[in-house]
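These features come from Swiss-Prot:
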- 169, 170, 171, 172, 173, 174, 175, 176: ATP binding site (BINDING)
- 373: site 'Required for activity' (SITE)
C-alpha cells in the first residue's frame, strides 16, 4: 500500500488534533534567574502558593510569589548547582516535617533532618508545617500552671498551659536563660518541650544542647535549629516546623511547651526573602504581612478541649484536653518596645516578661521588671499556695520602686516609708536566683511566706539569700512531712501555716545561716 504525500499530511494533522496535552507540561517550568537563594521560574502554570517545587539534584524549593508570567520561589538548602535553563517540576504537595515521639531527645534542622550525628529519626508520621489554628469553639480557658521554677515569674507573672507569654528584652539580658530554666524545671511534670533556635551562632546552640543533656532535660525535649549560617528560608521556616512538632502532642491530649528563640531573627529572615522577591517594603522595610507572619504562628498555641482531642484521634483518646504553650522571645534595640516587631508580638501574646539591661547590670538576675511585666490569663492557672502568698510581693515591689525614686530627693523619711523601703530591698534580694536552679512549688511558697510575714525584715540584705537557702535545707531535714503536704496539695492549710511559722522561728533562733 502506497500513501501519497497529501494523505500523510492529513494523517499527521488528524493525529495532532486528537492529541491530548500531557498535564506534565503545565507542571514544568524553566529557571530564568537564580540570586541569593531566590529563583524565578517561567512556565509553571499550575502551582499553589507554598507548594514544594522539585529542582535538579534532589533539591526542593517553596513557591512564594505567583505572578502573571513567572513564579518566585525560595530554595531550601544549597543552590550553587542550580543554573538558568534548569527544569523545575511541581510536586502537588505542601512542605511537611516529621512528627512524633521519635523526635524527642534529638536535634533537627528546619526540615526535620537530624543534625546531631545520632542516625536517622525514623518518625512514622509527617505533617504540614502551615496549619490553621484551632477555632474558638474547640478551645478551653487556661487553668493549669506551667511552673518555670523562677521565683519572680511564678509569683508575679504566672504562665498557664496553652498561654502565649512573650519574653522581651535587649541582647544579653538573660532571655534564653529564663527559657532554659523553664525547660529544665519540667522534669517529671509530663510536659514535652521544644526549643527552636533561630539565627543563633552554632556554638550557642551547642551550649544549649549540652546544658539540656547535663540536666537530663533532653529526655523530654526536641531542639529545632536554624543557625546563623543557615539560609534565610530555613530561619523563616524553623518556628513553623517546631510548632507542627508541638501540635502532634497537643492534638493527642498531651501538654507541650515551645520556645521560639528568637522571633526577631525570623522577622529579619522573612524581610530578607520578601525584599529579594521584590515585594513592596513597608515600615522598617518589613513586608506588609509581617504581623500575619507571627500571628498565624502564635495562634496555634492553645489549650484544646476534650471534644477536639477525641475528634482528632477518632475516639482513641477520650476525656483528655491538650495544650501547646508558647514562649516567644523578642530582642529589642536599646529597650525600644515601640519598634514594629515588638509591638506586633506584644499585641498577639497573652502577656510579656520584660527584662531590663539596668537591672541585669545591677546584679538583679533574672532582670525582670515587675512593673511592666504582665500575664493576662496566667492568674487563673496559678497554684493555690502561690496565689495566696504572692499578692503582697507584687504590691511591696511596686511601692518600693515608687518610694525609691522619691527617697533619692528626701533627706528625712518617716518610719512607715523607711520600713517600706527596707522591705522592698529584701524582697528584691529574695527574687534573685542563680541560673539552672529552678525551684519547686514548696520552696517558692516558703520564700514568699517568709517575706510576707516579716521574717526577713530584721535580716541584713546580704543575709537574705543565705537565710532562704539555709531554711530550705532545714525544712528538708527536719520537716519533710510538711514539705510533702505543701507539694502534694499545692495549698497551705491553717495547721500547716502554724507549723511553718514555728519551723521558721526555730530556724531563726538557731542562727544557722
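Each Cβ is built from the backbone N, Cα and C atoms, and glycine gets one as well.
Structure with Swiss-Prot features highlighted.
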residue : record                       : Cβ contacts under 8 Å, 6 or more apart
169     : ATP binding site             : 175, 331, 332, 354, 355, 356, 357, 367
170     : ATP binding site             : 331, 332, 333, 334, 335, 355, 356, 357
171     : ATP binding site             : 331
172     : ATP binding site             : 357, 360
173     : ATP binding site             : 355, 356, 357, 360, 367
174     : ATP binding site             : 355, 360, 365, 366, 367, 435
176     : ATP binding site             : 208, 261, 329
373     : site 'Required for activity' : 156, 157, 351, 352, 353, 354
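Under the DSSP three-state reduction, residue 176 (ATP binding site) is assigned to helix. Secondary structure at residue 170 (ATP binding site), as computed by DSSP, is coil.
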